[in-house]
Every structure is written in C-alpha cells, then in structure tokens.
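Record features, source Swiss-Prot:
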CROSSLNK  LYS6  ubiquitin cross-link
CROSSLNK  LYS11  ubiquitin cross-link
CROSSLNK  LYS27  ubiquitin cross-link
CROSSLNK  LYS29  ubiquitin cross-link
CROSSLNK  LYS33  ubiquitin cross-link
CROSSLNK  LYS48  ubiquitin cross-link
CROSSLNK  LYS63  ubiquitin cross-link
DOMAIN    1-76  domain 'Ubiquitin-like 1'
DOMAIN    77-152  domain 'Ubiquitin-like 2'
DOMAIN    305-380  domain 'Ubiquitin-like 5'
DOMAIN    381-456  domain 'Ubiquitin-like 6'
DOMAIN    457-532  domain 'Ubiquitin-like 7'
MOD_RES   SER65  phosphoserine
MOD_RES   GLY76  ADP-ribosylglycine
SITE      HIS68  site 'Essential for function'
Amino acid sequence: MQIFVKTLTGKTITLEVEPSDTIENVKGKIQEKEGIPPDQQRLIFAGKQLEDGRTLSDYNIQKESTLHLVLRLRGGMQIFVKTLTGKTITLEVEPSDTIENVKAKIQDKEGIPPDQQRLIFAGKQLEDGRTLSDYNIQKESTLHLVLRLRGGMQIFVKTLTGKTITLEVEPSDTIENVKAKIQDKEGIPPDQQRLIFAGKQLEDGRTLSDYNIQKESTLHLVLRLRGGMQIFVKTLTGKTITLEVEPSDTIENVKAKIQDKEGIPPDQQRLIFAGKQLEDGRTLSDYNIQKESTLHLVLRLRGGMQIFVKTLTGKTITLEVEPSDTIENVKAKIQDKEGIPPDQQRLIFAGKQLEDGRTLSDYNIQKESTLHLVLRLRGGMQIFVKTLTGKTITLEVEPSDTIENVKAKIQDKEGIPPDQQRLIFAGKQLEDGRTLSDYNIQKESTLHLVLRLRGGMQIFVKTLTGKTITLEVEPSDTIENVKAKIQDKEGIPPDQQRLIFAGKQLEDGRTLSDYNIQKESTLHLVLRLRGGF
C-alpha cells in the first residue's frame with residue numbers, strides 16, 4: 001500500500017509499504033529516498049511518536065495515511081527516572097518528547113501502565129500533554145516516579161482533640177460520602193460534622209476534586225454542639241481556639257474566656273472580625289457575630305516600638321507605634337508631627353503602597369523598619385496619551401485609577417468608545433481591571449493608544465479530530481481571548497487548550513498580530529490531557 005510522509009518543510013514523500021513493515025523499515029525507505037539517517041528521524045502519527053520495533057499495523061496506519069517526519073538534533077539526550085524503591089532507570093529522550101511519550105518508554109522498560117505513573121520534577125507533577133522542554137528538563141535531569149494506587153487515595157482528618165483519622169477515598173467522593181466514612185470509623189453523626197480544608201467549610205454536595213483535595217491532604221473536623229453557640233478564634237500562629245459563647249457576651253467577656261484558655265491578658269488582645277477591630281464594651285450580636293464565626297486574635301506587644309518614615313526631601317521622622325496600628329493611625333501620627341493631611345500621604349514599604357485599613361503587622365513591619373513617604377499632589381497627576389495619528393492627549397489621573405477609568409476619560413475627551421481602545425505602556429497591553437500603579441505608570445508617563453478596527457476578521461481553528469471552527473477576532477486579541485472564544489463555542493476550558501500556528505505554540509499574553517496571524521489563517525488546537533491525581 002502507499003503512505004505519505006510529510007516533512008516540516010511541507011514536502012510530501014510517497015512510500016510503498018506493507019502493514020507488517022516496522023517503523024525501522026519505514027525509516028530505511030525514507031533514508032533511501034531522502035538520505036536522512038534513521039537515527040535522526042522521528043515519525044509522528046495521530047500525535048504519537050512511533051517506536052522502531054512496532055509495525056504500521058500496530059499503530060493502525062492504513063493506506064494513504066500521512067505520517068509526520070520531525071528531525072532529531074543529533075544525539076538526543078539521556079534522563080534518569082528514580083522510583084520510590086530507589087531504582088534508577090535511564091531513558092533516551094528528545095527535549096520535544098511529551099510526558100506521555102516518556103511514560104510509554106517507562107512502560108516498555110518496566111511494564112508499569114502509564115495511567116499508574118506520576119512523574120515529578122522540581123517538586124511539580126508533570127502533565128501528559130506537555131513536553132520535556134516545557135518543564136526545562138535537560139540532559140541528565142532526574143525525574144521521580146510515584147505510583148498511583150489503583151482505586152483511590154488516602155486522606156487524613158484531624159479532630160480538635162488532635163486525633164488524626166485516615167480514610168480511603170476517591171477524588172469523586174462527595175463530602176457527604178466522606179462524612180459517612182467518618183461516622184463508620186468514629187460514630188459521629190454527619191449532621192454534627194463540619195469539615196474544613198484550606199480555611200473553607202466543605203459543602204455536602206461537592207466532591208473532593210471540586211476542592212482540589214489530593215492524596216494525603218488533611219481535612220479538619222469541627223463538631224457542631226447542639227444548642228448554645230460556638231465561635232472560633234484564630235491566632236497569628238495559625239492555632240484555632242474554640243469558645244462557648246452567647247450572642248449577648250461582650251468583647252470583654254470573650255477576651256476573658258481567651259485568657260482562661262490561653263493565658264493571654266486581655267489588654268494584650270486585639271480581636272478582629274470582618275476586617276474591623278472589636279471594642280470591649282460592645283456585644284457579639286452588635287457585630288452580627290453568629291455561631292461558627294471566626295475572629296482573628298492579634299497580640300499587642302507591650303510598650304510598642306519605633307519606626308522611621310523617610311520623606312522625599314531626605315528628612316527622617318521617628319514614630320512610636322504598635323504592630324497593631326493601622327496605616328490610617330500612622331498617617332494621623334505623621335500629621336501630628338508634620339502637619340501633612342493623611343489624604344496627601346502615600347506610604348511605601350518593601351516597594352508596596354500601604355492600604356489604610358491594614359495594620360503594620362499585616363505588612364510585617366517591625367521595630368526600626370523604614371517607611372517611605374510620598375506626597376500625592378492634590379488632584380492626582382498628569383499622564384499623556386499618544387494616538388497613532390501623533391496627537392497627544394493630557395489626562396488628570398490618580399495612581400489608583402483603573403485602566404477602565406482611563407479609557408472612560410479618553411472617551412470623555414475624544415469620543416472613542418472604550419471597547420475600541422487598546423492602551424500600551426512599556427510594550428505591554430494594559431488590562432482593564434488593573435490600576436496605573438500596578439503598571440508603575442507615574443506622573444508624565446506616556447501611554448500609546450491603538451484603535452481596534454470594528455469588524456475584525458475571521459480565522460479558523462482546526463482540531464485533531466479534523467473539525468474546523470470559525471472565529472470572529474481582532475488582530476489585537478490576545479491568545480487568551482481566542483481560547484475564551486473557543487470555550488464559548490466548544491466548551492473546552494482554556495487551560496486544556498494548546499494553540500499552534502506555523503509550528504509554534506502560542507503564548508496567552510501575546511496578540512494575534514504579534515504572531516502575524518492574518519484573516520483566514522488556520523490555527524491548530526491540541527488538547528492537554530488533565531494531570532489528575
């Protein structure tokens with residue numbers, strides 16, 4: 001029968017073959033025709049690299065099938081795979097091999113089915129659809145092979161008494177199933193169980209995989225007491241204390257209960273709920289603190305500490321503060337010393353602008369730290385926007401303005417609808433939800449305004465099944481936007497999509513015009529297999 005072999009240059013070779021020919025034989029025929037040594041040939045069919053010892057019929061290659069020929073750079077490379085038993089396997093690979101190919105090579109050597117293999121490199125689990133070069137795996141790198149146990153995984157459940165229970169589960173188990181397993185082991189009725197993971201209470205109808213709970217994750221079990229009410233107090237060390245309270249208890253009473261449990265004097269306790277510091281004379285119900293609410297406990301250090309504030313003129317001010325002081329409090333102290341109104345002050349620490357409602361300890365500002373004080377000019381700052389026609393527009397803005405706000409100001413001045421505006425700064429397209437300060441756009445910076453043409457253009461996306469999708473796009477659309485349009489049409493999540501054009505994988509942050517993708521170009525869509533557990 002005849003088959004075709006297509007090279008990366010676009011040339012197609014026709015070969016006479018038998019279904020019983022090995023891949024090695026086929027490479028020999030290609031060498032006769034094209035002079036390419038077999039050890040430099042890699043043959044791909046249906047997205048899989050073909051192995052020398054297998055036959056065409058093994059791969060279901062039939063008459064007039066097309067194989068793709070990719071040249072190996074001479075020599076390839078060796079990598080090592082270390083198993084949990086300590087055994088090390090050596091593999092011959094190419095940087096362009098997918099993780100799937102590597103698992104197939106491990107199966108050939110060790111007989112372990114790919115679906116039981118998990119490969120780890122640099123602490124990351126490797127996904128089947130990615131290549132070794134995607135993960136920067138180079139010659140003589142060592143991967144770690146962990147076996148998945150068939151039929152599920154173990155997780156741990158830790159109770160408030162400190163006891164840890166081990167459960168056998170599946171990623172597809174619901175939280176309800178998990179509570180039933182806990183009842184089997186511990187006799188606690190499900191309606192008295194609350195399960196917490198990553199600070200979130202888990203809902204009965206959801207599955208473990210919905211919450212990204214993987215093998216050997218630890219859940220926390222909190223019991224609901226019938227009647228009365230429990231609240232939780234979380235300390236900065238991460239410890240959680242459970243208290244029995246009444247809605248009519250004052251904050252003072254609550255601090256006394258914390259003192260009983262933890263020995264911390266009330267005058268060193270600050271309690272925070274919903275971002276607010278709680279006042280001693282108020283009650284829990286005043287703050288709408290209900291059963292199972294979590295308060296945060298911050299300790300006041302006795303006697304405070306000193307910090308320094310450096311102004312742009314070079315002057316340094318010394319302030320007496322507490323770690324629990326808010327940035328607002330600090331600005332008030334600066335006003336007392338220097339007469340500068342708080343709304344004209346911007347405080348910077350470790351390159352970050354500090355927000356009024358946060359505390360010094362939130363930013364890990366410790367004794368003798370130095371903050372930098374920058375004055376806001378009343379009425380913000382000016383920036384310039386340059387259009388492609390060469391016209392320059394001046395705008396009054398604040399560093400905290402979003403790109404969306406800026407586009408609205410341009411619309412006010414120039415009448416250009418925001419959805420036709422693309423703003424560029426330092427070579428980057430600016431995203432609507434970000435602020436000027438996120439992009440370090442300062443006074444008298446110049447942005448460039450590029451107009452999106454209405455009407456756009458059509459491109460085609462071809463899937464591995466051969467289906468072709470038509471999309472309406474703009475040259476200024478990012479690859480991320482294109483993946484979102486594919487999701488709208490086909491329901492494929494963007495993180496499972498890889499788009500290829502002219503042999504290159506396209507990166508999310510780039511635009512179609514960056515890749516010179518023009519109207520009626522065809523992109524190829526390859527699906528990433530999910531990594532799973």
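Using N, Cα and C of the backbone, Cβ positions are placed for all residues, glycine too.
Feature map: annotations from Swiss-Prot on the structure.
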residue	record	DSSP class
LYS6	ubiquitin cross-link	strand
LYS11	ubiquitin cross-link	coil
LYS27	ubiquitin cross-link	helix
LYS33	ubiquitin cross-link	helix
LYS48	ubiquitin cross-link	strand
LYS63	ubiquitin cross-link	coil
HIS68	site 'Essential for function'	strand
LYS6 (ubiquitin cross-link) and SER65 (phosphoserine), compared by Cα position, are separated in whole Å by 10
Expressed in Å to no decimal places, the gap between the Cα atoms of LYS27 (ubiquitin cross-link) and LYS11 (ubiquitin cross-link) is 16
Among LYS33, LYS48, LYS63, HIS68, i.e. the recorded positions, the one with its Cα nearest that of LYS11 (ubiquitin cross-link) is HIS68
For LYS48 (ubiquitin cross-link) and LYS29 (ubiquitin cross-link), the CA-to-CA distance in whole Å is 20
Quick note, LYS29 (ubiquitin cross-link) and SER65 (phosphoserine): C-alpha atoms separated, nearest Å, by 16
Reduced to three DSSP states, the domain 'Ubiquitin-like 1' (1-76) has 18 helix, 26 strand, 32 coil
Across all protein chains shown, the recorded positions LYS11, HIS68 give the max Cβ-within-10 Å count at HIS68
Listed in sequence order, the residues of the same chain lying six or more positions from LYS63 (ubiquitin cross-link) whose CB sits under 8 Å from its CB are MET1, GLN2, ILE3
Most Cβ neighbours within 10 Å, among the recorded sites LYS6, LYS27, LYS29, LYS33, LYS48, goes to LYS27
Going by C-beta under 8 A and a gap of 6 or more residues, the same-chain neighbours of SER65 (phosphoserine) are ILE3, PHE4, PHE45
Expressed in Å to no decimal places, the gap between the Cα atoms of LYS33 (ubiquitin cross-link) and HIS68 (site 'Essential for function') is 15
